[in-house]
Amino acid sequence: FCRFIAKPCAINLGIQDSGPHRAQPNAILEKVFTSITKSPDGKRLEGLSKQLDWDVRKIQRWFRHRRNQDKPTTLTKFCESMWRFTFYLSIFFYGIRFLWTAPWFWDTRQCWYNYPFQPLTSKLYYYYILELAFYWSLMFSQFTDIKRKDFLIMFVHHLATIGLITFSYMNNMVRVGTLVLCLHDASDFLLEAAKLANYAKYQRLCDAFFMLFGVVFIVTRLGIYPFWILNTTLFESWELIGPYPSWWLFNGLLVTLQVLHVIWSYLIIRTASKALVRGKVSKDDRSDVESSSEEEDVTSNNTKGISSTSSNGSNRLNGHVAGSQWTGE
């Protein structure tokens, strides 16, 4: 998909397959970078400056370029997001089309009538298997994909999701499981669309998609999910079939997801509010590529002023506006 579909689309949009500016070869700095530290502090910068007879700012610039040259290109990030966008959009419409005729979509109490003796149709089976396969792929690919700052949260999310899908399938709770899956897919493709627009430098389209994503995410995850999904799994199931043995584990996983929803919603609201003030959504703070102005603007005019900067010789904002960040699942 990335090679034959996403990459040609990116090239047609003018996204180049070129990475950040590469650092000039230097054996001493390369040894420090690979063996000691990738972000030297002020004292080490002074020592390297004297050893190489380089200006401190030049050394900082070298380390910034060296860190960035290992980061993925915009083309790589575009292809990754386009793949996820395509899957999320396709599976969401598949789920909506399937659930529209399902009785439990309109009455959640139907999820528990005649449980556990409920038929597993072919459409429901394929829906579950596709979702499970995708989240298993995310579980493995997150170790090789673009490294994000919310890696741990996403790891917990993937574990909880895989656990829920597998557990609900084994216990034939597939009806309520389809509701959870479809609800989560409702906003995911909008975030990926915002990223695609951002990589293609369509700022207004990016802002529009991100704001729409924020609204849909908050409505579905903080509104529909607790009052529709958790209501039926916590209360209607207890009323209709009683406290079955796996009730606590199943609902514990669902509540774990809700905790993650609250964390992400807070970050989205903070990003949206600051975007309204500044007039645009800032770049994805989970992406680790540093801006070209990093370190250069905070370095003093002489080496003795280094101690006034942060411990790693760079500004504390790491090239981004603190608090203005994209967040996503």
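Glycine too: its Cβ is placed from the backbone N, Cα and C atoms.
Heads up, TrEMBL stuff is auto-annotated, nobody curated it.
Note that the structure is a prediction, hence the values are computed from the model and not measured.
Per TrEMBL, the features are as follows:
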- 31-74: DNA-binding region (DNA_BIND)
- 301-317: compositional bias 'Polar residues' (COMPBIAS)
- 29-73: domain 'Homeobox' (DOMAIN)
- 76-277: domain 'TLC' (DOMAIN)
- 284-329: region 'Disordered' (REGION)
- 85-105: transmembrane segment (TRANSMEM)
- 125-144: transmembrane segment (TRANSMEM)
- 209-228: transmembrane segment (TRANSMEM)
- 248-269: transmembrane segment (TRANSMEM)
Item checked: the domain 'Homeobox' (29-73), counted residue by residue under DSSP: helix, strand, coil -> 31 helix, 0 strand, 14 coil
Check: If you average pLDDT over the DNA-binding region (31-74), what do you get?
Finding: 81
